[in-house]
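Before any comments, here is the structure.
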Amino acid sequence: MLYLPCLLLWAFPQFWGQSEVQQNYTFGCLQISSFANRSWSRTDSVVWLGDLQTHRWSNDSDTISFTKPWSQGKFSNQQWEKLQHMFQVYRTSFTRDIKEIVKMMSPKEDYPIEVQLSAGCEMYPGNASESFLHVAFQGEYVVRFHGTSWQKVPEAPSWLDLPIKMLNADEGTRETVQILLNDTCPQFVRGLLEAGKPDLEKQEKPVAWLSRGPNPAHGHLQLVCHVSGFHPKPVWVMWMRGDQEQGGTHRGDILPNADETWYLQATLDVEAGDEAGLACRVKHSSLEGQDIILYWGGRQVSPVLIFLIVGVLVLVVCAVAYYIIRKRRRSYQDIM
């Protein structure tokens, strides 16, 4: 009996996602298994709920590690131990079965090889959910579990037909996979959403600044808008001229900071002299509609700056009021 389906089982408490409160939440696992030869292999996994990592499982550890205080969700210790034991059995069996498949397919396929798996469930409003499991071989998406069976994607190589036939013949494992994806995963995620609500709903305001990048060509400038420290992950950043979006804006990948906030930069290449009047605009849920606008050349308007100015003005007013009251008291004492 092949245990590749268990890979999916493992993957259920793991799934990517992006989420906002009262919107869709994605829970997913990414497993990476590398096989240098028949005697050396390793498997590592990470689990995400929305933008937050909730679990990790190193090849060097027998147990799944929690990365959040609420990573067990609402599961009891007994429930969690049962799941963990199943995943331990799965990982051992998966490694063995992949080696058997490679042996069976030789010389068409041989070491080194890499297998990646992603699995989990996406939660929708009203307790609706949708599960998934995808398998990649040597970086190419080749197999999925859909409905009640394993399926080869159209572009997958023909040698996968036999392993998939064997997997689908194992009715007990297929039923277990369905239960884990369609029942256990949504149940576990609901508990995580409740237990991790403060972290999931956290709003961190972005900080933005401008800089000049390396000149892309003679007579041209590269303008760079940096945005950092924001959470949740979704953000909109664009170079503008007045109300006109600049189509040449290039946004890089959104990258994680060490404190679980995010960083993004947006660049714009312009001819020297055409940079006047350009501004970088940042929209984020934490700003509550008060966009950050940074003007190239020094003029800046942002909520943070406004709050600082207001704070300074309040301190000045308080100091003046204190001075006036104190002066009046002294005058009154002199009269007495």
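Going from the start of the chain as shown, residues are counted 1 onward.
Each residue, glycine too, has its Cβ placed from N, Cα and C.
Bear in mind that the values here come from a model prediction, so they are computed numbers and not experimental data.
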From CYS185, CYS280, the residue that Swiss-Prot pairs with CYS225 through a disulfide is CYS280
Which is it, of 84-87, 88-91, 156-159, 332-335, that Swiss-Prot names as motif 'Internalization signal'?
332-335
Quick test of reading the record: Swiss-Prot lists a disulfide for CYS121. Which of CYS29, CYS185 is on the other end?
CYS185
Distance [Cα-Cα, Å, rounded] between ASN182 (N-linked glycosylation site) and ASN59 (N-linked glycosylation site)
27
Show which residues of the chain containing ASN59 (N-linked glycosylation site), separated from it by at least 6 in sequence, have their CB under 8 Å from its CB.
ARG42, THR43, ASP44
Rounded Cα distance, in Å, between CYS225 (disulfide bond) and ASN127 (N-linked glycosylation site) is 40
What's the most sparsely packed of the glycosylation sites ASN24, ASN37, counting other C-beta atoms within 10 A?
ASN37
Which residue, of the glycosylation sites ASN127, ASN182, has its CB surrounded by the fewest other CB atoms within 10 A?
ASN127
